Every structure is written in structure tokens, then in C-alpha cells.
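Record features (TrEMBL):
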DOMAIN    117-187  domain 'Glycosyltransferase RgtA/B/C/D-like'
TRANSMEM  21-38  transmembrane segment
TRANSMEM  116-133  transmembrane segment
TRANSMEM  145-164  transmembrane segment
TRANSMEM  240-258  transmembrane segment
TRANSMEM  263-284  transmembrane segment
TRANSMEM  338-355  transmembrane segment
TRANSMEM  362-381  transmembrane segment
TRANSMEM  387-408  transmembrane segment
TRANSMEM  420-437  transmembrane segment
Amino acid sequence: MIRYKKLKEQVFKNRLMNSKFLLVLIIIVAFAVRLYRIDSPVADWHSWRQADTSAVTRNFSKFGFNPLFPRYDDLSNIQTGVDNPEGYRFVEFPVYQSFVFMLSKLAAPLPISLEVWHRIVSILASLGSLYLIYELGKRYANERVGLISAGFYAILPYSIYYSRVILPEVFLGFFMLLTLYLFSKAIVPVNPSEIQHSFASLISFLFPKKSLSVRSVAVYPEFLLASAISAALALLIKPVSIFFLLPIIYFWFQYLLFSRKYVLYGITYLLIMVVPLVAWRLWIQQFPEGIPAWTWLLNGDQVPYNNLKLSEWIYHPLGIRFKGAFFRWLFAERLTKLILGYSGVAFLVLGILAKKGIKQKLFFHMLGLGALLYITVFAGGNVRHDYYQVITLPIVVLYAGMGVDFLLTNRNRLFDSISTYAMIVVLVGFTLAFSWFEIRGYYWINNPAIVEAGIQADQLLPEQAKVIAPYGGDTAFLYQINRQGWPIGFEIEDKIAKGATHYVSVSPQDPEALDLKERYTVLAETDSYIIINLQ
């Protein structure tokens with residue numbers, strides 16, 4: 001008996017060591033592949049959004065660090081409908097940018113550009129998310145699910161690209177997962193095998209004089225506080241994170257925490273989570289010129305949002321929600337083709353349908369429900385931009401991990417072992433290949449001329465210059481010039497009156513550029529660009 005126990009302990013230790021080794025290996029691989037083109041200019045896919053994010057960090061150096069007044073490079077009225085002379089950027093609270101700014105200042109002696117610092121921070125946040133996916137998969141399914149899910153998150157081409165971009169979504173995903181993980185650590189049943197189906201604690205709260213037993217749980221306030229702070233940061237980055245915190249409701253009701261003490265904990269948690277967001281939203285209302293139009297995120301930009309009936313908020317004939325295009329773009333183009341490379345959908349479906357205990361089903365399905373609510377409520381934004389689905393990736397890889405685990409668990413009942421392993425390898429290979437075929441173009445520099453012109457303009461123009469850089473309203477060109485200004489031409493005299501000092505274009509034969517060339521001094525001109533002094 002003693003020998004059996006020792007043997008069992010040794011097997012457990014070996015499995016634990018193997019799991020740790022595999023996890024470390026997955027993290028190393030994830031880190032390595034995310035270094036691909038880490039020093040490329042901000043001129044790749046979604047460069048306009050990346051440029052706006054990075055500009056806030058860069059302008060902390062120019063105008064002083066004050067996260068209450070984030071500023072970017074666009075002074076136009078394109079995004080807000082109102083002229084923005086200070087370049088205010090009141091979207092997310094600049095948690096990500098503040099962290100990058102402080103890190104870059106602490107490591108100032110290192111020859112690393114601000115753009116690379118952004119990507120390093122994004123990569124580190126994604127590795128944190130990877131570890132949390134492993135922990136949540138292990139806790140609510142098993143260790144193999146945790147490892148496989150982490151592996152998918154590490155190597156899916158969509159995940160790799162969007163884990164090293166200059167966007168707040170990577171930080172957002174990390175804090176969402178951290179919130180759930182810390183909350184799961186904060187409330188632990190004394191007897192984990194005990195499943196609660198009574199409402200004794202609820203009745204005890206409503207009727208204090210009744211003598212009813214309340215389920216014993218261990219509550220760790222330090223984890224609860226840390227979870228609340230993490231949730232507050234997630235909401236400050238983007239309020240949409242509230243959809244992905246639905247499992248917290250599951251945690252609370254699973255243990256029926258309705259005694260007066262636990263209700264007080266819950267109220268405190270909510271206050272810590274929500275008050276910073278409310279304060280931030282009240283603060284930014286003072287600066288309407290810095291708040292971009294956002295209602296189109298809900299159901300597209302064709303819907304008249306004033307005086308809608310409740311039924312019209314859910315479905316409107318002019319909106320995108322629940323139309324054929326909604327299902328095609330989100331489920332066929334994005335989930336099936338872009339993220340899972342067609343073949344990976346098999347793992348996803350198996351993971352959703354695989355039989356699990358009530359504990360696992362509720363946690364994963366609550367997280368999945370949150371993802372569905374998110375893409376449904378913000379249908380316009382999700383259909384238009386593929387980076388909106390970045391925060392749904394954890395539940396996608398967790399379901400896929402459960403799908404692979406289902407095949408491995410039932411390999412002798414469904415197929416023979418060799419066929420099962422071969423099928424998994426082939427499907428994973430196809431998933432990576434087909435997804436990479438779509439993602440590889442995201443790394444490409446779409447218009448190298450804006451980088452070339454930006455470098456030259458940055459060298460020639462005074463630091464206080466205000467630049468007209470027509471690029472169809474895209475601020476990526478302004479970002480390369482390293483000056484504030486207008487990302488669109490037209491009404492040049494009006495812009496000069498508002499402070500414009502120079503004109504930079506990557507279309508030197510454009511009629512507007514040719515007209516200004518005749519009337520003002522040309523500082524530099526090539527076949528690719530022209531730089532004109534408007535003073």
C-alpha cells in the first residue's frame with residue numbers, strides 16, 4: 001500500500017513536471033513568433049488605429065504626461081464632427097499608453113523605439129493572457145484542456161498578429177482574464193465536491209430569524225479586491241468588457257453568496273469596478289471635440305438612432321444586426337476563415353457540444369454567451385473591423401481546446417489512436433496554413449511612400465509645425481510625419497487660418513498639390529511625395 005502511494009505520488013510529480021515543461025515551451029514559442037517584424041513601421045493593417053493609439057503615448061512626451069488629457073495627432077473634425085484644436089482623444093482611458101510611456105522612460109537608455117516598446121508590452125500582455133487561459137482551462141476542465149487552449153492561443157496566426165499590434169485590445173483581454181482568474185481564487189468552497197442546489201443562504205439573508213444553514217465558503221478579500229481593481233481597469237480600457245465578466249455572476253450564484261456579509265462584499269466589488277468608469281465618462285463629457293462618433297458601433301451608420309422603439313433597437317431594416325451580412329462576416333469570414341482557418345471549426349464545435357460537468361458547462365458557456373452578446377450588441381463595429389473580435393479569442397481557443405481533448409479522451413471509442421492523432425495533426429496544420437494565408441498580408445506595408453515622406457518631413461519641419469497631410473482621413477500618414485495636423489486636404493486657406501504651416505502629400509501630381517506648389521515654397525519633392533511650406 002505504501003509502495004503504491006509512493007508510485008502514485010511519483011507519477012503525479014512527473015505529470016506535473018511535464019505540464020510545466022510544456023507550458024514553458026508554449027510560452028517560449030508564443031514569444032518567439034510574436035517577434036516577427038516587431039520593428040516594422042506603423043503602416044501595416046489597421047495602421048490608422050494603431051497610429052492613433054501610439055500618438056497618445058508619443059504626445060505624453062511632447063505635452064507632458066497627463067492621462068486625463070490624452071492627445072493624438074488629428075486636429076480635424078472627421079471623427080467627432082467638431083474641430084479638435086488640441087487633438088484630444090477621449091476614447092479609452094489610456095491605461096495601455098500610460099504603461100508603455102512609463103516603461104519607455106524607465107528604460108530610456110536602451111536603443112528601442114516607442115513603437116517597439118508598444119509591441120513588447122502587447123506581447124507581454126498576450127503571454128499573460130496565455131497563462132491565464134491555461135489556468136482557467138485547467139481549473140474548469142482539466143490540465144490538458146488548459147495546455148491545448150494555451151497552445152492554440154500561442155500559434156493561431158490571427159492571435160499572433162493581434163498580440164503584437166499597438167492596440168488597447170491586448171491589454172483589455174489580459175485584464176478581463178485576470179479579473180475572472182482572481183475572482184475564482186477569491187471564493188473557494190470549503191468542500192469543493194459539494195454542489196449547492198438550495199437557496200438557504202438567500203433565505204437566510206431575506207429572513208434573518210430563520211435557522212437555515214449557509215454553505216461554507218472561504219472568501220479571500222485580497223483576491224476579491226485585486227479582481228475588482230482588474231475589472232475596473234478592463235472597463236476603463238473598454239466598457240464592452242462587461243460582457244465577458246458574466247462568469248462572475250455564475251461564481252456568485254454557484255455558491256449562493258447572499259448572506260449580509262457577502263452582499264456587502266458584492267456591493268464593494270461593484271463600486272470599485274464601476275466608479276472609475278463613471279468618473280471617466282463624466283469627465284470626458286466636458287470635451288465633446290475629443291469624443292468620436294460611436295453610435296454606428298451598435299448597428300451600423302445607416303440607422304437613425306433618435307427615438308427608436310425597443311424592437312428597432314434589436315432589429316432595424318437599415319441596420320446590419322441579424323442581416324445575412326452580419327452572419328456571413330462574423331461567423332464565416334472572421335471566425336471560420338480568418339481565426340480558425342476553416343479546419344479549426346471542427347474543434348470548436350466539438351468543444352461546445354462535448355459533455356462536461358455542470359461546473360465546466362456554466363463557466364465556459366457564460367463566457368461564450370458574453371462573447372455572443374458583445375458581437376450582437378456592437379454589431380456595427382464587429383462587422384466593420386476584424387480587430388473587434390480579438391477579445392473573443394480566449395473563449396474560442398478554450399472551446400477548441402475542449403474539442404481536441406474530447407477527441408483524445410474518446411480516441412479508442414471513435415477511431416483508433418493513430419487515426420485520431422493523425423486527424424488532429426492534419427486539422428491543426430490546415431488551420432494554421434489557411435489562417436496564415438489570410439493573415440500574412442496584415443504585416444505588409446501598404447504604402448511605403450508615407451514612411452519615406454514622413455521621415456523626410458520630420459527632419460525638415462520645425463517641431464511646432466502643424467501639417468496638412470491628405471490621406472483620405474487616415475491618420476497613419478500624420479503619425480509618420482510626427483506632427484499634429486489634418487489627415488485630409490481641401491479648404492486649405494481655412495486650415496492655414498487654424499494654424500496649418502506645411503503641406504505634405506504622397507500624391508505630388510494631385511491638382512491640389514500642384515496648385516499649392518505654384519503658390520508656396522516647395523521644401524522637398526520626389527516622384528513619391530512633396531513637402532510645401534505654407535507660410
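Even glycines carry a Cβ here, placed using N, Cα and C.
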Ask   = Is the transmembrane segment (145-164) in contact with the transmembrane segment (420-437), using three or more Cβ pairs under 8 angstroms as the rule and ignoring pairs under 6 apart in sequence?
value = yes
>> Tell me if the transmembrane segment (338-355) touches the transmembrane segment (21-38). I count contact as 3 or more CB pairs below 8 A, with pairs 6 or more residues apart.
In response: no
For the transmembrane segment (116-133), the distant same-chain contacts (Cβ-Cβ under 8 Å, at least six residues beyond its ends) come to 23, 26-27, 30-31, 34-35, 38-39, 53-54, 57, 96, 99-100, 103-104, 107, 146, 149-150, 153-154, 159, 163-167, 170-171, 173-174, 177-178, 180-181, 394, 397-398
| task | Run the contact check on the transmembrane segment (145-164) against the transmembrane segment (362-381): 3 or more C-beta pairs under 8 Å, excluding pairs closer than 6 in sequence. | result | no
Sequence-distant contacts of the transmembrane segment (338-355), meaning Cβ under 8 Å and at least 6 residues beyond its ends, amount to 152, 156-158, 368, 386, 389, 393, 396, 398-407, 426-428, 430-439
In this predicted model, the domain 'Glycosyltransferase RgtA/B/C/D-like' (117-187) has a mean pLDDT of 97
